[in-house]
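Asks: What follows is a single structure, and I will ask about it in a moment.
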Amino acid sequence: MSVGHTGIRGAVLVLNAGSSSLKYQLVHPDTEVVSAEGLCERIGDLGSSITHEQNGTEVTEQIELPDHKTAFERVVALFAEGGIDLATAGLRAVGHRVVHGGRTFFMPTLVTEHVMSEIDRISTLAPLHNPANLIGMRAAGELLPDVPAVVVFDTAFFHGLPDAASTYAIDRGVATLHAIRRYGFHGTSHEYVSAKAAEFLGRPPTELNQIVLHLGNGASASAIRGGQPIDTSMGMTPLQGLVMGTRSGDIDPAVVIHLHRVAKLSAEQIDTLLNKQSGLKGLCGESDFRSVTQLIEQGDASAKLAYDVYVHRLRQYIGAYMLDLGRLDAIVFTAGVGENAAGLRADALAGLENFGIVIDPDRNAVRSKDPRRISADGGTVDVLVVPTNEELAIARQSAAVVAEA
Ligand code: AMP
């Protein structure tokens, strides 16, 4: 990463608090300049650490971080040591990424006590994530009380999914009572990337039908018609859909019952199995896509199977979304795997010439941080790689909310 140290006035501090981590970036929503960024890891655990980059210098310190508040206090101190007093720097906002907005939140929202208690109420839908997000909010509120705080929800972009796509075919009463429906996640990324793709193609988003493939440690696909999502692969939680680093994605729900009834696993154990020990990791022992690729090169049959299952699932979603959309203008790859794994991109779209989808091998091999087209001339579908930037998107949305307040 490369960060500078200019134009802090009006910047937004973007916070993404996980259950044991705190990721942050100080970015200016207008100039896009990143002044500093970092990551606190293993909060509340042994071996916690902070990596902080500011003024072009990266420091990593092993430091005891018993909770998020201590972590944020140390982050504020690291900023100060680098010459930025966050409390007086003229920040426009602190922008918090919140995973689950439930049925309540679908717009970026100013943080108030009421908003925090609502996010807390929704925590049953995201028991690992929303409580951590709240802790981050409280820590930032205490240390930077004069900076407006905004929450941006990962589910928001998918709020308007058509009922046919968002409804699970289970008892309506049970579903309604327990808020069980498909919410979709990675919304900030799907929204940002689809808008960038339209900009790159020089066409209004309202005219474009796109499939966006966000392939990182978590992975999701979406079908976007005229700027509005009409389907997405994640569901009530981020467990559904594509094969991921450690998450299973789609399985027969009866597997869960079987694991409980026959394998005698508890709900907690099944949760851990499907969220933390499945996906690529469950199939071949490695969750990192690069490690899986390395194992395949060494002839590892489990890694090859993991890759094949990953590609098979991905192609099924691409096929389904092509049909959903009717007419397809663009397929867009993003996130760690999507932006970097040229071989995966080629395999995901192999043999689709009859559908107007043809990847150009030379363009696909180019490595770049910029949006680019990797399809051959003459196909009817533009295949693009568009790097995602969730922090910038959160900073912009936060700044907009503060401007309107
Ligand atoms: P993200 O969650 O977006 O940070 O993506 C993380 C995933 O991207 C991990 O599985 C990485 O192995 C994968 N990734 C990052 N760089 C590369 C690369 N050069 N080639 C293949 N996969 C990569």
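Using N, Cα and C of the backbone, Cβ positions are placed for all residues, glycine too.
These came from TrEMBL, pasted as-is:
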type	residues	note
BINDING	N16, E390	Mg(2+) binding site
BINDING	K23, H214, L215, G216, N217, G218, D288, F289, R290, G336, V337, G338, E339, N340	ATP binding site
BINDING	R97	substrate binding site
ACT_SITE	D154	active site, proton donor/acceptor
SITE	H186	site 'Transition state stabilizer'
SITE	R247	site 'Transition state stabilizer'
Asks: What's the CA-CA gap between V337 (ATP binding site) and E390 (Mg(2+) binding site) in angstrom, rounded?
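Replies: Each residue's Cα considered, V337 (ATP binding site) and E390 (Mg(2+) binding site) end up 16 Å apart.
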Asks: At the Cα level, what's the spacing in Å between K23 (ATP binding site) and E390 (Mg(2+) binding site), rounded?
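Replies: Pair distance, Cα basis, whole Å: 12 Å.
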Asks: Does DSSP put E390 (Mg(2+) binding site) in a helix, in a strand, or in coil?
Replies: helix
Asks: Hey, of R97, L215, N217, D288, E339, which of those binding-site residues are within 10 Å of R247 (site 'Transition state stabilizer'), Cα to Cα?
Replies: N217
Asks: Can you figure out which of H186, D288, R290 (the recorded positions) comes closest in space to R97 (substrate binding site), comparing Cα atoms?
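Replies: Ranked by Cα distance from R97 (substrate binding site), first place goes to H186.
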Asks: Filtering R97, H186, R247, R290, V337 (recorded positions) by proximity to ligand 1: which pass a Cβ cutoff of under 6 Å to any of its atoms?
Replies: R290, V337
Asks: Cβ atoms within 10 Å, counted per site: which of D154, D288, E339, E390 has the most, among these recorded positions?
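Replies: Counting every other Cβ within 10 Å of each candidate, the maximum falls on D154.
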